Amino acid sequence: MNQQKSLTLIVALTTSYGIGRSNSLPWKLKKEISYFKRVTSFVPTFDSFESMNVVLMGRKTWESIPLQFRPLKGRINVVITRNESLDLGNGIHSAKSLDHALELLYRTYGSESSVQINRIFVIGGAQLYKAAMDHPKLDRIMATIIYKDIHCDVFFPLKFRDKEWSSVWKKEKHSDLESWVGTKVPHGKINEDGFDYEFEMWTRDL
């Protein structure tokens, strides 16, 4: 694994930056879940070796995933936790911190490994998002913006869409989002179960 590989954060959040309530998502959007799976699973087919993406998550995020969907299939799952006795099952990596997780990936999926890493995604929760936003390798946010005022008790740590951060974070064109994702993505607002939401991609220079 190339130690210069960047990090991508993927998150669904309200316009007031709410991301959760009572250790779960306060919305259930099947199309958004499908988008998350496509984005975090996509690997270019022209690679001559087997490649996989990584999903990094905190313990609470891991535990919030229904048992039948754990681990997230077709992706390398890494759980950030200080609980060394946590039983994650075979093939699931654990690490004490974001940097420790990256070191583990460098060691495990080096040039001699039969599996190479394509992209590294940070998928939550709030504490890991904060660590990722502070990390020098984080250069991309795949954001699902939910246009509904929903009560949340957990919030994203940085208001990257606000004017005060416009010199750092830039919203990319939809065509660039599709190019990066590798497939067609609905443009503009989507309505599902009374929720309007939209897919965006934001980047910053490293």
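Cβ coordinates are placed from backbone N, Cα and C, and glycine is handled just like the others.
The substrate site recorded in Swiss-Prot comprises E32, I33, S34, Y35, F36, K37 together with one of R70, R75, R82, namely R75. Summarising model confidence by region, the domain 'DHFR' (6-204) averages a pLDDT of 94. N23 (NADP(+) binding site) falls outside any helix or strand according to DSSP and counts as coil. For A12 (NADP(+) binding site) paired with S34 (substrate binding site), the C-alpha to C-alpha distance reads 13 Å.
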